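Taken from Swiss-Prot, the feature topological domain 'Cytoplasmic' applies to 1-10, 395-426, supported by a curator's inference. Under the heading transmembrane segment, Swiss-Prot lists 11-31, 52-72, 81-101, 106-126, 139-159, 169-189, 221-241, 252-272, 283-303, 306-326, 338-358, 374-394.
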Amino acid sequence: MARRTEPPDGGWGWVVVLSAFFQSALVFGVLRSFGVFFVEFVAAFEEQAARVSWIASIGIAVQQFGSPVGSALSTKFGPRPVVMTGGILAALGMLLASFATSLTHLYLSIGLLSGSGWALTFAPTLACLSCYFSRRRSLATGLALTGVGLSSFTFAPFFQWLLSHYAWRGSLLLVSALSLHLVACGALLRPPSLAEDPAVGGPRAQLTSLLHHGPFLRYTVALTLINTGYFIPYLHLVAHLQDLDWDPLPAAFLLSVVAISDLVGRVVSGWLGDAVPGPVTRLLMLWTTLTGVSLALFPVAQAPTALVALAVAYGFTSGALAPLAFSVLPELIGTRRIYCGLGLLQMIESIGGLLGPPLSGYLRDVTGNYTASFVVAGAFLLSGSGILLTLPHFFCFSTTTSGPQDLVTEALDTKVPLPKEGLEED
């Protein structure tokens, strides 16, 4: 049977979207709700906030830094067995964490082992999804990533309820059971049968071309800065509210308010990304700027109504930037290099995920509150949005819409030419 030269823009791709939906929920929904466990770990181990912050920080960093491994394995063996293996590792890490007697045990179990499992699930799934869609890519990505918002809405109060009934050890056992569902999600993945382009080259040739691709490198710097501040509210907002004398349950509920807005933001952003003409980078820059501003305003808000309003604004804008961050990548490098490109991008931006939470915790320990933590986090996002201005076609307002072929080929400001790539699917 002849292979397609263009993505089907549907078909089994919608099953892949469903799989990605649950995977994003079980990976980032857990990470975003980990602020509920943060307070428990500080009390249980009698450690400073900066040291406890390393648990989630290591998990985020390993998930992103290990993404090239997941991408390379998916290129060789396909995404299905790789993602299923990742689900087993993620569940095993949470299981071992329930027996932890020190922070080092949590660093190794949640940070290293579960983080490795997440690295094998997220990037291969999104790369597989990108190969199924072209015209509807932003919408499909937005729908897939709504799992993050939906799970954040449900997981934060659910985890708080678990802690009140089973303590943190029993709660981690149940989180381990939830993580096993990643195995079922991986079983649904099936790459489309697209005609191969031998001119693209193997993994080494693709990696070399990307490392000399100016727009791609600038984009990774921008996302690294964004990633440094992006997760701070999900880790420290509950603790910040408790410093303002909020009870634990209402504080966890505010994370659910953020999650609902995040959910709406992802869907709206995915629709706008496909509907608005021009590069998706412009919309990404808009949402990133608004997210940075709302982050910096958190310490200013004191009244409950102001905090709820700010949580709604932050949730919507932070959710809106997420699907576009992945939709921009195929515009820059094409879909033929998406496995390698997405893995490399996740690895480089892991630097931000590694440094952001401990820096925020350190500022809390030094200053005695989270004011500096939120202001600095907002500054990182604003810096990243500034770098997005340098990407190709950002200021191009021609009435003639540039196709993805133009976006890829004209973006190459490198001395090492990229292999020619058939981009008819874009």
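Glycine is no exception: its Cβ is also placed from the backbone N, Cα and C atoms.
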Legend entry - Range from 139-159, 221-241, 283-303 with most C-beta pairs under 8 A to the transmembrane segment (11-31): 139-159
Legend entry - the transmembrane segment (252-272) touching the transmembrane segment (169-189) per 3+ Cβ pairs under 8 Å rule: no
Legend entry - Stretch-level contact, the transmembrane segment (106-126) and the transmembrane segment (338-358), CB cutoff 8 A, at least 3 pairs: yes
Legend entry - Leading contact stretch, 52-72, 81-101, 221-241, 338-358 vs the transmembrane segment (306-326) - CB distance under 8 Å: 221-241
Inset, instruction - With the transmembrane segment (52-72) as the reference, find which of 221-241, 252-272, 338-358 contributes the most Cβ pairs under 8 Å. - result: 338-358
Legend entry - Stretch contact, the transmembrane segment (374-394) with the transmembrane segment (283-303), Cβ-Cβ under 8 Å, 3+ pairs: yes
Legend entry - Cβ-Cβ under 8 Å with the transmembrane segment (139-159): same-chain residues at least 6 beyond its ends: 13-14, 17, 20-26, 28-30, 32-33, 35-37, 126, 129-130, 132-133, 171, 175, 234, 249, 252-253, 255-256, 258-271, 273-274, 315, 319, 322-323, 326-327
